[in-house]
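First up is the structure itself, then whatever we jot down about it.
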Amino acid sequence: MSDKSNIATLDSTLIDRLPSSSKTLFEAKATKSLTFESIAQELGRSEVAVAALFYGQAQASAADIEKLSQILEVPQSKLEAELGGFPDRGRAGPMPPVEPLIYRLYEIVQNYGYAYKAVLNEKFGDGIMSAISFSTKVEKEVDEQGNNWAVITLRGKWLPFSRF
């Protein structure tokens with residue numbers, strides 16, 4: 001359990017654009033005062049991946065559904081019905097850029113943006129990551145099979161919103 005002020009909840013303005021599973025998952029998460037990190041530890045997944053599940057931007061495996069049912073105390077049959085299909089990603093976003101690489105970066109933000117926001121808010125509170133006090137790096141990795149992987153690191157100063 002965690003401090004309720006650090007628990008990411010579902011923005012009600014998004015409900016109509018998200019799958020029904022989002023409301024189910026977020027309500028149970030809030031009721032149990034769980035963070036994405038604590039749920040991720042139980043699922044054996046990253047917290048961003050778990051947040052993406054909650055926003056309907058990632059596919060849940062049968063094992064994910066079974067474990068989420070236990071953690072959140074939501075009937076497994078309900079989660080199977082709501083999470084059993086393929087995700088309908090990126091529905092809330094505007095028309096994307098057309099340049100292929102930029103489009104892929106935009107696609108990452110579409111698919112994981114709300115998940116990142118939720119996890120960042122849980123870790124830092126209400127605020128934004130600066131794109132001015134900011135650094136990024138791109139690295140190339142080659143795996144054991146010889147496949148190339150792009151590694152993009154984003155590092156931004158956390159700027160809390162001011163109360164006025």
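Residue numbers in this text run from 1 along the chain shown.
Note that Cβ sites are derived from N, Cα and C of the backbone, with glycine treated the same way.
What Swiss-Prot records for Arg104 (among others) is active site. Cβ contacts within 10 Å of Arg104 (active site), excluding its own Cβ and spanning all protein chains shown: 12. Annotation note: Arg104 (active site) sits in a helical segment as assigned by DSSP.
If you look up Swiss-Prot, you'll see Glu107 (among others) marked as active site, on the strength of sequence analysis.
Taking Cβ-Cβ distances under 8 Å and a sequence separation of 6 or more, the neighbours of Ser130 (active site) in its chain are Gly156, Lys157, Trp158, Leu159. The active site annotation in Swiss-Prot covers Ser130 (among others).
Under DSSP, Ser130 (active site) is assigned to a strand (E or B) in the three-state scheme.
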